[in-house]
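Have a look at the structure below, then the notes.
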């Protein structure tokens, strides 16, 4: 199957609470420029023609979801999220019915994604898959439990992982299964694929594809979105 004929599915884990935001609701439902973060994110994916379906994994009895008109788009399928991000992604993968599908896993709170970056990911064809990432630009320190510097890392080989992360759906499903069986802490999909023996490609992304994690990130995301 060529890259032009393979089904492309997006999985968006959106069941988290975002405790570091110190907000009165999960961060994906915070509002920027009249829309929630989740709406901004979904609209980018919906408007990208190669994506055939978006699987949205949300918390059970989510009280905010039905307030969003965008979730009624026919491309969007809702599934129940898991206990953590990896569990939500796993549930999303289980809902994929298309054979030979490739999956783009994207954070609900990364609203500034561009189609140009998605185009670059779609160039990947081998089973290693790949992720958007940016080279580390700040000096990186390794710390002790007491928050004292142990050493300075060589940043020339360090990259900061972003999303989407793009893999064959069946391979990612098996990689997550294997990671769960071994009790691996899966912080992103690439870590599960690495554990399974793959070497995902690093695709240079953009610094404005930020994940809204802390209160100060909201203003920065608003600035980037206002310039689109």
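From the backbone N, Cα and C atoms, a Cβ is placed for every residue, glycine too.
Under the heading site 'Transition state stabilizer', Swiss-Prot lists 20, 27. Annotation source Swiss-Prot lists site 'Positions MEP for the nucleophilic attack' at 155, 211, citing sequence analysis.
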| task | Might you list, by sequence position, any residue in that chain lying six or more from residue 211 (site 'Positions MEP for the nucleophilic attack') with a Cβ less than 8 Å away from its Cβ? | result | 107, 109, 110, 162, 163, 217
| field | C-alpha spacing of residue 155 (site 'Positions MEP for the nucleophilic attack') relative to residue 27 (site 'Transition state stabilizer'), in angstrom | value | 30
| said: Can you tell me how many other Cβ atoms are located within 10 Å of the Cβ belonging to residue 155 (site 'Positions MEP for the nucleophilic attack')? | reply: 13
